[in-house]
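The block underneath contains the structure these notes are about, expressed in structure tokens.
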Amino acid sequence: MAPATQFEVAQPPNDAISALVFAPDAPNRLLVSSWDKNVYLYEVVDGAEEANLVKTYEHRAPVLDVCFGANQGEAFTAGLDRLVKRIDLVTGEQTILSKHNEAVRCVVYSPKQSILISASWDSTLHIHSTDPSSSQQHLTIQLPGKPHALAASPSKVVVAMTARLVHIYDLPTIATALASSSAATISPWQQRESSLKFLTRAVSCMPNDAGYATSSIEGRVAVEWFEDTAESQARKYAFKCHRQALPDDEGGGDIVYPVNALAFHPVHGTFASGGGDGTVALWDAEAKRRMRQYQKFPDSVAAVGFSSNGKYLAIGVCPGFETGMENYSGEGRTKLFIRELSETEAKGKGSK
Amino acid sequence: MGKKKRGHPDVEELLARPWCYYCERDFEDLKLLISHQKAKHFKCDRCGKRLNTAGGLSVHMNQVHKESLNSVENALPNRQGLDIEIFGMEGVPEDIVQQHNQRIITNFYTAQAERHAATGNPPPGQSGGQGPAKKIKIESSNEIKKRLAEHRAKVAAQKAAAANGTAIPSPVDGQSPGQGASPFPPPQTGFPYPPPGAAGAPPFPPAQAYAPPFPSGPSPPPGAPGAFNLPARPPTNTAPASNLPQRPPYFYNGSGAPPSGYPGNASTVDELVASAARQGDDIDQMIRMAEAGIKPAGKNGAAEEAGGEKKTKKDKEKNMRMVYADTEISPEEKMALLSRYSYIPQE
């Protein structure tokens, strides 16, 4: 069994990390988007405990999200410049796909349907077809609130918004609507209220298409299932995490950190959460157990991601934005860690 | 016999109380003791998990946090060891039990003597006859506490004075009345009670008086007809340092408790205990309240009565401090407004 090792990437982004993602078809390729207006492409070297910076892609404004496209040569970004862009990772060529009226918060790509969905603070989703043969521009879906997190499973897209709204869209339906270019026919497959009382921070879908997990600013994670039967809905649960008990001479109670990041393990179906307390925990969604909690990182965990083969766990660390901060800067304190997991490290025991 | 109208429990009751090996606190019942131990001594400082034993905590630290536990938290200095497995009252070494019981007994009689002296009442079973009985003065617990505090302050002052080398033979009258005025010997000493302030009492043979602290075997009770053929040491703290050799610290072998007269020593133990418990745990606080039979005033009362085990959800929410608390606007939106990140569209 390969030992679990962890190392720090030598050339991290210069400012806070907004998102990180491994390529679906290349387990060693990692994209990181940063508030320093750049997107970084890294290549993890197997067995060498290092990751090389391959290329950076500069934007005109801080980049809030990044995702891979159909293969490791293509990526999409969302940023404060209100643009949704396609980036050719080989040539560095950037193409504008659409323009929102406000900053674009998230992008997500569905390889099965060749659809790119972007979510913006102008309370819209833009649906783009990435099929080059399609001349179709994009469809706009109006949302009832500002989106804060977006995640796709093989057949569903989950949009988490303000006011605890969660809309789930069916991807095949979207694809059909896109083909006939009628945005009017797209309505949410399900409309839910978040199980969490506070602002949703992150969403991640189970790789087996069964459900998703959400996290909130109030140190809590909820696990829910898509299937809309009473039985399935009764299975949903939420739990507290990423909290720190205060010493009693300070009045006791807990310091509650936001859970900034969630990522499901592509093979084992367990998931990792990263919180403002600087820890990353691995959870077994089936058995409702915490499997592991790693040693504290020096700052808040902003993003986590598993490689497509589940071998690596990337952890983006930078100061967390906390209430009342007026001169926030992630400069100098932004770090990127890669953890090489041992074979059984992220494997759940299954429900009993 | 029979009447127990006074608010003071008797020795048997005191001795029956479960107490904590690590900090010498005693509790109303075993449940409270166990929850105290889990909260104060067996709680993981990394994740807050409460284990049942020190060994359990050690294994937990090892497996979960890959760290090793060296000592039990909040324990008295010589009781931090992990080698003894304690759960509630189980596993406490016999000699420690003896020491504890001895302390309880001594404290009890000291307190009783003080009470008798204060009220002027003879102890039960002995008729007074020295003048008219004083009016019974009923002290509230606050007054008692206040007096206790005064007493301790005095003891401390004396100790300080002794430490400075200026042995002040304090006037007998200045002492807590229990020491000087009570004509009744504490029953556990089988010796005649020497006259109060007996500075002229036969000095202790130095060789014996400076005997090393008792080994960890069962310790004889103070003043018991033990190995030394000594006259009973007057259980007063008036013993002038100049005249009487200091006794080695009695209760805490090798703990380095400052040598002083006996009651002073006891109060040192109390202080140790108090200081160990001082980091006012709210669980502790609740246990204390539960012990005292005080119903927490107001809103959260019902839940806390449960013995400090559970707080209501509401209570916890109240206590929590969120690092980021805006429920409408995400951190990213706020960051986007900062000048260092702001984007001005070129239009």
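Using N, Cα and C of the backbone, Cβ positions are placed for all residues, glycine too.
TrEMBL entries are annotated by machine, without manual review.
Taken from TrEMBL, the feature domain 'BED-type' covers B:13-72. Across all of the domain 'BED-type' (B:13-72), the predicted model scores a mean pLDDT of 88.
Annotated domain 'C2H2-type' per TrEMBL: B:42-65, in sequence order. Remote same-chain residues near the domain 'C2H2-type' (B:42-65) are listed as 72-73, 82, 84-87 (criterion: CB distance under 8 Å, separation of at least six residues from the stretch ends).
For B:150-267 (among others), the entry in TrEMBL reads region 'Disordered'.
Here TrEMBL flags B:155-167 (among others) as compositional bias 'Low complexity'.
Sequence annotations record features per position, and here TrEMBL assigns compositional bias 'Pro residues' to B:183-224.
Marked as compositional bias 'Polar residues' by TrEMBL: B:235-245.
The region 'Disordered' feature in TrEMBL is assigned to B:294-319 (among others).
Residues or ranges marked as compositional bias 'Low complexity' in TrEMBL: B:295-305 (among others).
Here TrEMBL flags B:307-319 as compositional bias 'Basic and acidic residues'.
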Summarise the domain 'BED-type' (B:13-72) by DSSP state, stating how many residues are helix, strand and coil.
27 helix, 4 strand, 29 coil
